[in-house]
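*Asks:* From TrEMBL, here are the annotated features:
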TRANSMEM  7-29  transmembrane segment
TRANSMEM  41-57  transmembrane segment
TRANSMEM  62-80  transmembrane segment
TRANSMEM  86-108  transmembrane segment
TRANSMEM  115-134  transmembrane segment
TRANSMEM  165-187  transmembrane segment
TRANSMEM  199-218  transmembrane segment
TRANSMEM  224-243  transmembrane segment
TRANSMEM  273-292  transmembrane segment
TRANSMEM  312-338  transmembrane segment
Amino acid sequence: MRNLRQSGIYIAFVAIVALFAVLTDGVLLSPGNLTNIVLQYSYILVLAIGMVILIIAGHIDLSVGSIVALTGAVSAVLVIQNGQPWAVGALAAVAVGVAVGAWHGFWVAYVGMPAFIVTLAGMLLFRGLTLQVLDNVSLSPFPPEYQKVASGFLNGLIGGQGYDAFTLLIAALAVGGYAVGVFRTRLARIRYEQPVESFPLFVARVLLVAAVVMYFAWQLAHARGLPIVLIILAVLVIAYGLVTKDTVFGRQVYAIGGNLSAAMLSGVKVRKVNFWIFVNMGFLAGVAGVIYSSRSNGAQPGAGNMFELDAIAAAFIGGAAVAGGVGTVVGAMVGGLIMAVMSNGMQLLGVEQSTQSVIKGLVLLLAVAFDIYNKRRAGATR
């Protein structure tokens, strides 16, 4: 059932892209618009990485939007107001995010308060601190070096006539790495007699992912090349994919979300793991804060509004379970891309913002309903 759902996510993504490509007469898939999607939604995808890890462990963070605003504000005050180097502002923003994550982790892991309550309080607390840091006014602009974090490109490194060959090379390497990785995972599951999808379905999934990635890279190569923010996102996805799948810490996160009592009896240091996943969420919120402030070329008191809901939606649409114990970083990325394509497509069609919110809310509701349906069906067959 899980394999069916994961494959269904990829199929749904391709179907949604195809639908909006037809409705927008191909504008959705134009090189310029695909580049815009990457730049516009990258910070949501960064947040979704941390959010899916929290959800796997049975937690949630409602404050990430406020943390994005606060970290961007700290960076703006240092760089714009005080004239510090742009790197100092970026590092300070990430450090503030880590500190906020540690604050949340302390209350959840060591005091025992529910993450929902702690982060709800954090949403209000850190939004108020943002207003104080900015003195309730916007700050801009950042220096060009800072702006390049979210709007810079790598191109022309190895040539290409009318296109950027470096972008295509990186995409080809990524596809090859993905194919090798999923094939090794499949062999390992077979070796330990775990269920796997049929081989034709497996091949179809790999080819589908390869086709989507290479088409996307081809379009980027004919635009402005490889966005720097996409490189940052790719590094994070690869790193966290390895951490969640191939490390003891990652397995402990799944164990806590799957069966807390069994995890404790197995010797998992639940408090320590819970603390560090909130620190990690703060770190990624700090990174997202730098990207967003770079993208908007400034810091605003209302920055990050509703970002937490987009990140949560990405995780659930990407296959995370409400009860915890299930979810993947790649799934969260696909879920986030589904939301991004829907938002961008509806904007191109001129759909009102209120209608966009209704549609995205219904998509999230259906994703969670599908998860509940799967659980009930699995329980009935036992």
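Just so it is clear, glycine is given a Cβ too, placed from its N, Cα and C backbone atoms.
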*Asks:* Quick check for me: are there 3+ Cβ pairs below 8 Å between the transmembrane segment (86-108) and the transmembrane segment (273-292), leaving out pairs under 6 residues apart?
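*Replies:* These two segments touch.
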*Asks:* Would you kindly list the residues that approach the transmembrane segment (7-29) from elsewhere in its chain, counting only those six or more residues past its ends and only Cβ-Cβ distances under 8 Å?
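*Replies:* Tertiary neighbours of the transmembrane segment (7-29) are 197, 201, 205, 208-209, 212, 215, 219, 317-319, 331, 334-335, 337-338, 341-342, 344-345, 348-349.
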*Asks:* Would the transmembrane segment (41-57) count as touching the transmembrane segment (165-187), if touching means at least three Cβ pairs under 8 Å and pairs must be 6 or more apart in sequence?
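*Replies:* Counting Cβ pairs under 8 Å, fewer than 3, so no.
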*Asks:* Pairs 6 or more apart in sequence, C-beta under 8 angstroms, 3 or more of them: is that satisfied by the transmembrane segment (224-243) and the transmembrane segment (115-134)?
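*Replies:* With fewer than 3 qualifying Cβ pairs, these stretches do not touch.
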*Asks:* Where, among 62-80, 165-187, 199-218, do we find the most CB pairs under 8 A to the transmembrane segment (273-292)?
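*Replies:* It is 62-80 that shares the most Cβ pairs under 8 Å with the transmembrane segment (273-292).
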*Asks:* Which of 115-134, 165-187, 199-218 has the most Cβ pairs closer than 8 Å to the transmembrane segment (62-80)?
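*Replies:* Maximum Cβ contact count belongs to 115-134.
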*Asks:* Quick test of the contact rule: Cβ under 8 Å, at least six residues beyond the ends. What residues does that give for the transmembrane segment (165-187)?
*Replies:* 154-159, 196, 202, 205-206, 209-210, 213-214, 216-218, 220-221, 225-226, 234, 245
